[in-house]
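Accompanying notes for the structure given below.
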């Protein structure tokens, strides 16, 4: 089903190459700004990072109800339009997500309406199911209690997502942290298939099985943690501290971050990165006029794999779940 049309008040002109077309017919910008961790830097620094990103050419901003960043995102986009940094709101691709506490058929649409109120927008370009798990209804938060996990009515949740699309409140709908098993379950009954699956993806977590499945099903992949992440018990970032990536970066005169982002781009995926520094923001989109060699790609394909995010990342350490945790985890098996 086609997405509701845009107002036509201004053209959409991403400042850099975009990823493959999503199911609603609009290109997903190749690099976006993620906002999950930006709230920790303080509101003014966060607002400044959003404006800087838009000024240097970012046209995708990724947020979520659980991040607590939607209000500032909306204010920044409106402010950028007033200042002429962007022509209008339609120029920016905005993604938000429904959290586990609202992953219930009767709460998906109200959650989106609340997100739109926070954003002060009439629609979002992409609305994602943030995690394939339902938790006892309450305000979005984490970590969540294991005993609050409930059996998920995925069919009912997805029908509510389809309603969000049909009402024109979400131009495209998709999922996040879905394994091939969960995608197969969803595709068995979805009238509108997910346009996007946003997952952890980088050279040290290459998701080959999932990438092949999504490509075969026409589901675009967006990468989060494209530059890796740290476990709470470690000071090592397996991407930025990778000797293989460091060697390739030195030979090419690029940063390790650029090598990782370029590799993701060459997989046909888009990505959301996070930085508050203008120079780093610019560096992260300077990945389109050069490419990796076959030798580089071979070396990267042999990097030992290391996943950062699992369901344990968002749950309290104690307590007992009535739902098997393997059913709500995000690790391919």
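The backbone N, Cα and C atoms fix where each Cβ goes, and this holds for glycine too.
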Given 1-21, 22-42, which one carries TrEMBL's region 'Disordered' label?
1-21
Integer mean pLDDT for the domain 'NADP-dependent oxidoreductase' (31-300):
95
For residue 97 (site 'Lowers pKa of active site Tyr'), write down the residues of its own chain that are at least 6 apart in sequence and whose Cβ falls under 8 Å from its Cβ; none is a fine answer.
63, 64, 65, 66, 127, 128, 129, 130, 176
